[in-house]
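Lifted from TrEMBL, the feature list:
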type	residues	note
DOMAIN	332-396	domain 'SAM'
DOMAIN	403-476	domain 'U-box'
REPEAT	50-81	repeat 'WD'
REPEAT	93-134	repeat 'WD'
REPEAT	146-167	repeat 'WD'
REPEAT	235-276	repeat 'WD'
REPEAT	277-311	repeat 'WD'
Amino acid sequence: MATLIHTLADHSDDVNYCAFSSLYLATCSLDKTVRVYSLKDFTELPYSPLRCHTYAVHCCCFSPSGQLLASCSTDGTTLLWGSGDGRLRAVLRQPSRSPVRVCRFSPRAAHLLAGAADGSLVLWDTQTLKLYRSGNVKDGSLVACAFSPNGNFFVTGSSCGDLTIWDDKMRCLYNEKAHDLGVTCCDFSSQPISDGEHGFTYFQMASCGQDNQIKLWLILFTDVLGVELKYKCTLTGHSAPVLACAFSYDGQMLVSGSVDKCVIIHETSTANTLHTLSQHTRYVTTCAFAPCSPLLATGSMDKTVNIWQLDLKQPCAGNTVENESKVAVEDWSEDDVSAWLCAQDLADFVELFKMNNIDGKQLLNLTKESLTNELKIESLGLRSKVLQKIEELRVKVSSVPVAIPDEFLCPITRELMKDPVIAADGYSYEKEAVENWISSKRRSSPMTNLPLASLMLTPNRSLKMAIARWLETQQK
């Protein structure tokens, strides 16, 4: 069940975007302002609204730690703000001076991506505040972008309908026509999906467009096999162009907003519609789930932002202990730690841990002394509770075996390959296993079941070397 609990009506023009951190909600508008609210009671922060843009603000986003807020505008700039004090930290001007339509932080916040109406995109280094890489989409305006959860690649969407996959060096890896009349938004689920049949792990992505459709995609990205974009399914329910889509933090739901004035919450595993919300009186332009509370925000051209309370059994299910085999705890970001705190009923410590930049590695190294002397947790009971949860996490982590990268496993035997070869279907197999497959008079691909054009097997030396290097790292 989704219950409307609050309506924000402070903007004087269309609301273009809304974004959550673990503590705040930010909204931006055609009225040239960015507004920031506390999630405790939805009161506007003292420094809000932020008024440095000279034209409409199209997008805003928080850094993974929540300490920075970015906003971009028709004025050709992307601005960086301190979310705690509202102080303007940097003015990043698009080299082409074109209106900037979308911005996103990378998962580690090392870079900020800004995409513009002329199709240009820029990666800014958030430490030096200098341009790191730049590029251009093939056609149209750049209107959507999203980083993969591991930060190894990102996807952009254009007004011509293309989805383009780029690596972190701004090299174009893949391009596909996804929505005939133009892409409007795209988002990644933070939770990967395992393919039990072939042993691959995919990232799930959603895109929506002017064709009234929402599409779910699976993306496989490895250093050895390259990148693959697979269409999964189409989510239905809207009767007009879909302007926004966003995954819940656990990836189990996807919310969408449309020109039909409706908000739909979909269940991603079944593609079923869970809720249809019809309180907005004009186009729904933006929607977002909160990372650490069962909240949903939707914004509209009716100048309002609606806050919804979701009835969930697990209100905060980010990269918690149950999911740590997918993302190693020592590799957790500060946001992942915040999600874990929420899941352990320790949400009151989120701000404290963020102020001290506690990531996964530091979390595992916390002691009674550091909690007392560095984090200044005075209550013995609270210190004991935090230490108990951390110790449970350490035990859980130590019992998890090191996962072999999926691309190193033979699709037939599901064992680490010693002598990998490439078959005519383009996939790599353990030589003995695929030879046995072929000798049993099966001339079809073990992966696709399609006939093999040739029975020739070519040694995959690069994969063999990659496996050898990985084995060396495990022995250190």
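Counting begins at 1 with the first residue displayed.
Using N, Cα and C of the backbone, Cβ positions are placed for all residues, glycine too.
Automatic, uncurated: that is what TrEMBL annotation is.
Remember, predicted model here, so these are calculated numbers, not experimental data.
Against the repeat 'WD' (93-134), stretch 50-81 has more CB pairs under 8 A than any other of 50-81, 146-167, 277-311. Within the chain carrying the repeat 'WD' (50-81), a Cβ under 8 angstroms from the stretch's Cβ atoms is held by residues 13, 16-24, 26-36, 87-94, 96-105, 107-109, 112, 114, 116, 124, 126, 129, 333-335, 338, 354, 357, all 6 or more beyond its ends. Sorting each residue of the domain 'SAM' (332-396) by its DSSP state yields 47 helix, 0 strand, 18 coil.
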